[in-house]
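Asker: I have a structure I would like to understand better, so I am pasting it below and will then ask my questions one at a time.
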C-alpha cells in the first residue's frame, strides 16, 4: 500500500512540472512579442520626432529670412504727414451763464412753480375750461340735476377772455391737438428761458403717463409708463433738466420738422437742437448724446 501511494505522488509531481514549463514558455512568447512591438513603436516615434524637428527648423529659417527682409527695409515713412485735421469747436454759451436763470428771490417751491405756470398761462387754462363748458351746455339739453346746470365762469375777467377767444376763433372747429398745442408751446418756451444747459446734452424719447381718451395717446410695452403721450426731449445731462421737448401728435408732427430731406430720427435731433440755438444764438460746441435709434452718419 505504501508503494502505490508514493507512485501516485510522483505522477502528480511530474504533471505539475510539465504545466509549469508550459506556462513559462507562454510567458516567454508574450514577452518577446511585447519587446518586438516596443521596438517598432520606438522606430515610429523616432521618425515623428525627426519630422517635427525638420518642420521646426523650416519655421525658424523662414522667420530668419523675414527678419533679414525687415532689416533691409528698415526706413520708415510718415504716411500721416500731409493729413489735415478739423479743429475742435470751442464750447460757449455766449453771454449767458450755465445753469438756472431765475430771480434771486425765488426760493420756495411755489415760486419756482410760478415761473412756469404764470398768471398768463393760468388765465388761458381757465378760459379754455369755460369754453369747453359752454360747448357742452349748448350742445345738449341740460337737466336741472346735472352739474352743468349751475355752471358759472370763475371770474368776470376770465369770462371776458373767454368771449374774446370765441370771437377770434370765429366758431372754427378746433382739433384736440390745437387745444393743447398752445399750453405745451408756452411751457417749452419757459423751460428754455429759465435754464442754460451745460456742454453735454442728451436727446431721447419719453412717455408721459396718461390713460385718458385722446387720439394721440401711445402704447409702448418697454416703457415704465406704457400708456401716455410721447415726447422727444433734449435734456441737460448733468442735472437732468428738461430743456426743450417736442410732443408727438402723429404725421403732422413729423411733417413740421426741419430738413424734410433727412430721415425722421435725424430731423428730431436737429429740430430740438434748433430750439436751443434759437434761445442761445451764440451757443457752440455742444456734445449731443443719443441712443442707437437716432445715431447716424448724417448727424456725425
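For all residues, glycine too, the Cβ spot is worked out from N, Cα and C.
Keep in mind the model is a prediction, meaning the values are calculated, not measured.
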Asker: What range among 60-79, 80-99 does TrEMBL describe as region 'Disordered'?
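Answerer: Checking TrEMBL against the ranges 60-79, 80-99, the region 'Disordered' one is 60-79.
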Asker: Averaged over the domain 'PiggyBac transposable element-derived protein' (108-163), what pLDDT does the prediction give?
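Answerer: The average pLDDT of the model in the domain 'PiggyBac transposable element-derived protein' (108-163) works out to 79.
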Asker: In the domain 'PiggyBac transposable element-derived protein' (108-163), how many residues does DSSP call helix, how many strand, and how many coil?
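Answerer: Across the domain 'PiggyBac transposable element-derived protein' (108-163), DSSP assigns the residues as follows: 36 helix, 0 strand, 20 coil.
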